[in-house]
């Protein structure tokens with residue numbers, strides 16, 4: 001048996017090469033997530049080629065570390081072939097493992113089998129490149145052990161690559177540690193395989209082929225050049241991404257500030273902006289003691305226009321109505337659209353006489369026919385007016401009484417206007433009875449959870465559902481939360497009702513799990529009041545534990561205004577939920593004081609684009625650009641993006657083209673009780689079979 005010694009410097013270099021290659025491969029895998037289609041393809045290939053090169057280089061540098069009494073030569077074609085095997089197996093396995101949002105056990109096993117087979121093949125093909133005759137005895141037990149180490153190292157490496165592709169505060173440290181683990185595992189496989197070969201005294205070498213010295217220079221030069229180039233490209237890409245992200249954030253924040261203050265369709269102030277204007281007007285009126293008016297307006301028969309001619313014509317009508325209403329106003333008045341066909345007007349420094357004239361002009365101008373294309377459209381206007389301080393000292397009271405006056409106009413035939421009068425208090429008295437019913441609803445088990453599916457974009461695959469609250473009132477029928485949610489919040493009833501929702505959601509997840517749908521997630525909405533509960537974490541974790549549900553299947557949705565109200569508190573609670581495994585989603589993004597710079601500090605995993613953005617996509621290229629920028633920035637922050645309110649095929653196609661990963665809306669399915677979900681699945685199965 002020949003005496004074999006080892007060069008510790010070359011051994012160290014071989015391990016260092018495998019560590020650097022592992023780090024570059026992990027970095028490339030992370031860049032696949034937020035890159036565009038072409039860039040993602042480049043990083044897939046780069047990650048695979050780099051990992052394959054690193055494994056191969058480590059192998060041959062490790063072989064060069066083995067010193068024997070004679071000069072060794074290597075067969076160049078076989079050496080190159082072993083390199084190609086390593087690169088092909090690494091690239092293919094990374095592409096398989098990096099697909100999708102979840103790394104299934106099946107995909108992990110397939111990718112592991114390919115990578116480990118490639119590593120073992122590369123190693124022993126590389127060993128066969130030694131141009132020697134006779135004299136090698138193999139220890140098959142050590143060969144088997146080296147193969148097992150290759151399988152374990154490959155599986156661990158691919159799992160780490162997938163798990164660490166998401167950004168986090170300690171991502172560099174985590175990747176460095178993972179690269180150390182992968183590098184040591186690759187080295188362990190190599191040196192176990194090397195120890196399986198015993199060189200006998202009868203061994204002799206060929207004089208042709210490439211020498212040890214030549215191979216050492218060749219391997220080192222190629223490896224260092226490629227790894228160096230990849231690191232430089234990675235650094236340049238990081239700088240460019242940071243620059244693009246900064247520019248996009250500034251541009252998007254400007255656009256979102258505009259979006260947060262004004263209605264995208266009509267250009268009028270929106271709800272949040274008019275609320276701020278009313279607060280400022282109230283403060284001024286308290287100083288000057290000058291009367292101001294709050295006016296609620298609603299279009300009569302607008303739904304008939306939408307049903308008869310479609311939403312596109314309805315939107316054109318709203319724009320035309322806005323133009324006519326603006327023509328009636330004097331400077332200083334603020335007109336806002338609350339949504340749908342509802343408007344609110346703030347009139348500072350006025351009196352009853354001016355308001356009578358103004359209301360009459362607005363009703364009269366809307367009464368006249370509208371011509372939209374070839375359609376003749378006829379609607380009217382119902383107007384309710386309240387005056388400060390005569391009808392109320394607070395904005396809430398003024399809005400309630402203007403709304404009450406408007407509904408009295410509707411009850412008396414529409415197409416008119418009224419000031420609020422105390423005789424209209426019957427509506428408020430009815431509201432008191434409504435509150436009593438609401439107080440007893442939970443005790444009488446009148447609340448229900450309905451479920452709306454969330455689909456993966458570009459497929460008919462359901463990824464999960466959003467749980468939506470419904471109240472089955474004994475006399476009024478099924479009520480939507482818009483009719484009672486504000487009352488739940490103002491009375492504090494949202495706390496027990498919210499706890500009931502969390503419990504029922506976890507129970508439903510448990511039921512789906514028993515039925516074989518353990519991949520489905522379920523989103524629930526937390527109000528600001530719930531989110532600020534001191535024991536909200538205990539309530540959620542307790543329900544998950546009680547029903548033995550994986551925390552990763554539960555998604556907590558927070559509106560952006562709730563999430564940004566107290567940044568420090570939000571980060572603390574979100575981090576606690578993230579450590580538990582529960583995902584956090586920012587809901588209704590774009591409807592409040594949208595600021596992606598602030599959202600970057602929140603450990604949220606998902607962003608839900610508000611339906612108002614989706615609905616207004618067809619209005620102009622500007623809306624498309626805003627949505628596209630939101631998606632790009634969210635993905636660069638490794639956030640899953642869901643589009644709400646997808647109602648048309650055009651919206652579905654456009655959101656998919658823009659890169660939105662998940663879609664939700666009436667185009668796919670309306671909210672439904674849990675008992676109707678099997679019918680939906682049967683329908684999807686039938687459509688897939690066609």
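Numbering starts at 1 and runs along the chain as it is shown here.
Including glycine, each Cβ sits where the backbone N, Cα and C put it.
Database features, via TrEMBL:
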- 6-200: domain 'MHYT' (DOMAIN)
- 6-29: transmembrane segment (TRANSMEM)
- 41-66: transmembrane segment (TRANSMEM)
- 78-98: transmembrane segment (TRANSMEM)
- 110-132: transmembrane segment (TRANSMEM)
- 138-160: transmembrane segment (TRANSMEM)
- 172-193: transmembrane segment (TRANSMEM)
- 213-236: transmembrane segment (TRANSMEM)
- 290-422: domain 'GGDEF' (DOMAIN)
- 431-685: domain 'EAL' (DOMAIN)
Task: With a Cβ cut-off under 8 Å, give me the same-chain residues at least six positions beyond the ends of the transmembrane segment (41-66) that come close to it.
output: 4-11, 13-15, 17-18, 20-22, 24-25, 28-29, 31-32, 35, 79, 82-83, 86-95, 98, 118-119, 122-123, 126-127, 130, 157, 161, 183, 186-187, 190-191, 194, 212, 215-216, 219-220, 222-223, 226-227, 230, 233
Field: Arithmetic mean of per-residue pLDDT over the domain 'GGDEF' (290-422)
entry: 90
Message: I'd like the per-state residue tally for the domain 'GGDEF' (290-422) from DSSP, helix first, then strand, then coil.
response: 59 helix, 40 strand, 34 coil
